[in-house]
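Taken from TrEMBL, the feature active site, proton donor covers B:Glu338. Among the features that TrEMBL reports, disulfide bond is placed at B:Cys72-B:Cys119, B:Cys292-B:Cys343, B:Cys517-B:Cys534. Residues annotated as domain 'Beta-hexosaminidase eukaryotic type N-terminal' in TrEMBL: B:37-160. Taken from TrEMBL, the feature domain 'Glycoside hydrolase family 20 catalytic' applies to B:182-499. Look at TrEMBL and you will find B:1-19 tagged as signal peptide.
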Amino acid sequence: MHTPPFKLKQKSADRAALNTDMYCLLKCAPLILAVAVCHGWLFGDFVEKQKELDEISLWPLPQKFQSSAVAFKLSPASFQIVHAKQSSAGPSCSILVNAFRRYFEYMFGDMKKHEKSRNKVYDSDLVELQVWITSADPQCDGYPSLQSDESYELSVDKPSAVLKAANVWGALRGLETFSQLVYKDDYGANNINKTEISDFPRFAHRGILLDSSRHFLPLKVILANLEAMAMNKFNVFHWHIVDDPSFPYMSRTFPDLSQKGAYHPFTHVYTPSDVKMVIEFARMRGIRVIPEFDTPGHTQSWGNGIKDLLTPCYSGSSPSGTFGPVNPILNSSYDFMTQFFKEISTVFPDAYIHLGGDEVDFSCWKSNPDIQKFMAQQGFGTDYSKLESFYIQRLLDIVTATKKGYMVWQEVFDNGVKLKADTQIHVWKERPQYQDEMAKVTAAGFNALLSTPWYLNRISYGQDWVNVYKADPQNFTGTDAQKKLVIGGEACLWGEYVDATNLTPRLWPRASAVAERLWSDKSVTDVGNAYNRLAQHRCRMVRRGIPAEPLFVGHCRQEYMGL
Amino acid sequence: MYCLLKCAPLILAVAVCHGWLFGDFVEKQKELDEISLWPLPQKFQSSAVAFKLSPASFQIVHAKQSSAGPSCSILVNAFRRYFEYMFGDLKKHEKSRNKVYDSDLVELQVWITSADPQCDGYPSLQSDESYELSVDKPSAVLKAANVWGALRGLETFSQLVYKDDYGANNINKTEISDFPRFAHRGILLDSSRHFLPLKVILANLEAMAMNKFNVFHWHIVDDPSFPYMSRTFPDLSQKGAYHPFTHVYTPSDVKMVIEFARMRGIRVIPEFDTPGHTQSWGNGIKDLLTPCYSGSSPSGTFGPVNPILNSSYDFMTQFFKEISTVFPDAYIHLGGDEVDFSCWKSNPDIQKFMAQQGFGTDYSKLESFYIQRLLDIVTATKKGYMVWQEVFDNGVKLKDDTVVEVWIGNKMEEELQNVTGAGFTTILSAPWYLDYISYGQDWQRYYKVEPLNFPGTDAQKKLVIGGEACLWGEYVDATNLTPRLWPRASAVAERLWSDKSVTDVGNAYNRLAQHRCRMVRRGIPAEPLFVGHCRQEYMGL
């Protein structure tokens with residue numbers, strides 16, 4: 001009799017694989033590996049410094065990284081993050097001032113600012129981090145975009161460290177890296193080693209999808225996850241904001257959508273003010289907010305607020321009382337979409353909107369005699385994917401008129417809908433194999449985004465982050481030109497089984513594995529090394545208030561103190 | 001499934017219980033949505049006649065005839081707890097409403113009937129947890145032999161209160177007679193693989209009480225760390241914990257856990273697993289573990305407790321003497337699972353001993369030799385013991401009152417048959433390893449388990465005294481423990497409390513979805529069963 005999981009109590013299969021050896025590794029083999037990977041130079045007393053270096057664990061690993069064992073001390077009382085003299089940004093750049101404060105607090109905790117007891121600066125001190133924005137327009141008041149330059153250079157040497165970036169977006173990434181370099185020695189003093197880093201993302205689009213329709217996610221949870229995203233250098237929040245079960249987006253143009261379509265008309269909605277706050281909170285962290293309004297399927301909740309928007313399904317010759325996808329044969333449907341997306345295009349500043357287009361169920365359309373008549377008139381025969389394309393085509397024209405670009409799920413491409421050249425195709429299906437789909441999409445000249453291997457709502461026992469980590473978006477057969485069309489990927493946490501109670505620990509640090517795949521060099525693939533850094537990185541997230549779950553047996557110096 | 005959620009409420013629950021329904025039941029349906037008793041009581045009758053409860057005037061009081069009074073702290077604590085669950089953080093002085101209306105329920109009288117209410121006692125395997133609850137105007141009456149039954153009845157009463165469309169508190173005319181199907185209903189938490197801060201343990205004891213669990217099986221130490229701070233052997237945690245003071249349970253912490261659990265009618269059974277799973281013990285106690293050999297010289301690694309040294313037994317004698325005084329429960333869990341023989345085999349002194357004893361090469365005989373002596377040591381402390389099934393399987397001689405815990409999924413029915421056939425009491429945890437997660441509604445699998453579904457006589461069936469949901473700690477710590485455990489463990493709670501016939505998954509889904517929202521409202525981050533929402537979502541992180 002075969003009884004797989006319950007056979008061994010503690011010494012489970014994973015444990016055997018990653019057993020005591022792995023466990024020891026955790027304790028004793030710190031950044032050596034990381035440095036080795038990066039071809040760094042090591043100074044003589046490295047081994048003694050090893051223990052302190054335990055705490056560093058850069059995640060995601062920078063592209064070029066050199067560190068030495070020479071350590072400087074940082075005094076929270078005197079250390080400062082300042083604008084470099086040559087910087088084009090200054091004290092009025094709120095995005096940087098906010099970031100200085102945030103990272104100061106991450107590094108030195110809630111230390112009182114007036115504890116300026118220590119005036120003397122020692123020779124071995126690092127007195128400041130200078131942030132030097134080099135381009136004429138630092139983009140202090142801008143929004144991050146697909147084209148944003150996130151590269152930065154960081155040089156840590158006495159008496160000052162210098163962080164150089166073309167604009168604020170690179171500076172934000174560099175501040176995160178700098179904060180990860182600071183560690184406490186055995187006496188609790190803050191240290192940082194002499195370091196040179198030159199860093200940039202491998203992919204421009206590094207996203208997290210959260211689903212606020214299947215379960216409503218209170219603002220607090222969304223904001224906390226934006227914070228965690230910044231800690232992992234993610235730069236896109238794909239907000240799957242509405243779907244069949246509920247419509248929490250409060251529309252000014254069509255207030256009935258949430259009034260009648262949300263789980264509750266005011267406790268379970270996102271007001272315009274909430275949405276603004278999410279966008280601004282994300283902007284402060286260099287994160288784009290791309291909303292998804294998925295049509296024509298996945299729209300059950302829309303039907304509550306908008307009469308005649310959905311197709312009435314028939315049972316025999318009479319309406320059954322249930323409804324299907326958006327009704328594609330009525331002009332009123334397109335009038336609605338025109339007004340609705342006009343609003344969306346002004347509410348969300350990003351250049352892209354995600355239009356969904358996945359999983360359209362044809363059975364309701366098939367049952368409806370008016371639809372049947374329309375099919376005949378249009379000469380579609382019985383090919384309902386032609387009707388779907390007909391709808392999508394008109395929708396794309398509507399959205400194009402708002403000057404927005406669009407992202408769509410792969411079905412829209414698969415069904416041969418005519419797409420603008422800058423359309424991004426979001427690959428999510430397991431069949432056909434995603435490698436084949438990536439090849440097809442890029443061969444047709446479209447930008448591709450990968451999510452298939454990163455459906456983090458799917459859980460299993462053990463260290464599933466390893467497979468997440470191993471997936472590579474460019475791992476398909478194609479030309480260099482095709483590979484270049486892969487702009488990144490997204491980790492998706494669909495909402496069937498997650499809400500505020502379990503979302504954050506389920507997402508982190510599993511999504512961190514995706515973060516490194518999308519940021520770091522292609523060659524960064526050593527799972528053992530990643531384990532060590534990620535275990536520390538998750539403790540860092542815990543220290544910063546994010547309940548990131550453990551990878552395996554072990555402990556954090558400071559355990560999570562929430563619930 | 002999704003539609004079911006929306007449209008089929010307590011009707012089913014009532015039907016299952018053969019309750020009577022009054023005419024306007026359908027209109028009341030929506031309010032009744034909120035009730036969702038969990039676990040379902042044994043006998044339950046409800047009517048659509050509703051009474052109002054005013055938080056300003058409603059009181060929970062000791063019945064005049066009750067043997068317990070205002071000095072019974074376990075009840076006073078419980079009155080306060082349940083008042084707050086029902087009416088939130090309402091200010092007590094909001095006594096604006098003096099008038100009592102005819103349709104009001106003015107009080108719940110708690111009537112302890114036996115001469116000794118056990119106010120200062122500890123719950124035990126023999127505790128009587130049955131209670132009778134009658135809700136009718138002007139007073140509801142909760143009748144129980146002692147405080148343990150009263151605690152269960154208070155939880156049920158609090159589950160009966162619901163808010164109507166105007167936000168007013170309502171309760172329906174109800175008669176309940178309830179008792180647990182099994183006496184041992186436990187949750188195992190593992191504080192060795194990850195240290196669990198006190199706050200997390202206490203929160204889960206609260207959640208346990210909401211689900212009528214009555215045993216906290218504290219798997220307190222294991223290979224990776226030894227967080228139990230022993231007064232007799234402080235080096236155990238000093239050198240064996242992840243950190244000597246941030247990652248330990250001090251005597252005061254342990255006392256607090258035990259008292260917090262007692263207030264909720266929950267026994268605390270500590271597990272000190274030997275001779276295997278003891279790597280962390282070796283840090284603090286020299287020569288306790290067997291030195292493993294590589295060829296003819298020690299390899300520097302260590303195996304299970306060294307069973308051939310008298311010093312090992314001297315240590316155990318002193319150690320379990322302490323444990324038996326620190327933990328008031330009549331039982332200690334002694335582990336005894338998964339002993340790896342390879343280290344013993346490698347050690348020449350052990351080989352010699354095997355030969356002297358005439359054990360040949362059967363190392364399970366050596367294991368039994370150790371366990372036998374350990375059991376004698378623990379017996380001398382006047383404690384009973386629980387052990388994992390291997391101890392029974394290996395033929396160790398056990399006291400009659402030993403509880404054998406069946407955890408190996410393979411041939412579980414056969415094991416139950418064997419253990420009970422040999423006359424031992426048993427508890428089941430094999431189907432309820434909640435650390436094993438998978439995508440989807442796995443609670444249904446836990447719910448469908450029938451513990452007595454094995455071939456055996458009625459006498460054998462009676463020896464099954466319960467079960468435990470186990471959350472081993474490889475992948476859980478304070479960040480994710482609570483939502484991973486709840487409401488999945490609630491499925492086990494109903495299986496162990498309610499009647500055998502309560503098996504309708506669709507009905508259970510509806511009640512459990514509401515029950516998890518109730519836990520969320522009470523501050524427990526219990527995760528969702530599926531798509532949907534709670535009136536009040538979790539506001540933590």
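Keep in mind that glycine also has a Cβ here, set from the backbone N, Cα and C atoms.
Here the features listed in TrEMBL are placed on the structure.
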| residue | record | DSSP (3 states) |
| --- | --- | --- |
| B:Cys72 | disulfide bond | coil |
| B:Cys119 | disulfide bond | coil |
| B:Cys292 | disulfide bond | strand |
| B:Glu338 | active site, proton donor | coil |
| B:Cys343 | disulfide bond | helix |
| B:Cys517 | disulfide bond | helix |
| B:Cys534 | disulfide bond | coil |
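Summarised as a single figure, the pLDDT of the domain 'Beta-hexosaminidase eukaryotic type N-terminal' (B:37-160) averages 92. Each of the recorded positions B:Cys72, B:Cys292, B:Glu338, B:Cys343 was checked for a CB under 8 angstroms from a CB of chain A; the ones meeting this are B:Glu338. Around the residue listed as 'active site, proton donor', the same-chain residues at least 6 positions away in sequence with a Cβ under 8 Å from its Cβ are B:Gly276, B:His277, B:Glu390.
Cα to Cα, B:Cys119 (disulfide bond) and B:Cys517 (disulfide bond) are separated by 31 Å. Nearest to B:Cys72 (disulfide bond) in space, judged by Cα atoms and limited to the disulfide-bonded residues B:Cys292, B:Cys517, B:Cys534, is B:Cys517.
Around B:Cys517 (disulfide bond), the same-chain residues at least 6 positions away in sequence with a Cβ under 8 Å from its Cβ are B:Cys534, B:Arg535, B:Gln536.
As a summary of secondary structure, the domain 'Beta-hexosaminidase eukaryotic type N-terminal' (B:37-160) carries 29 helix, 33 strand, 62 coil according to DSSP.
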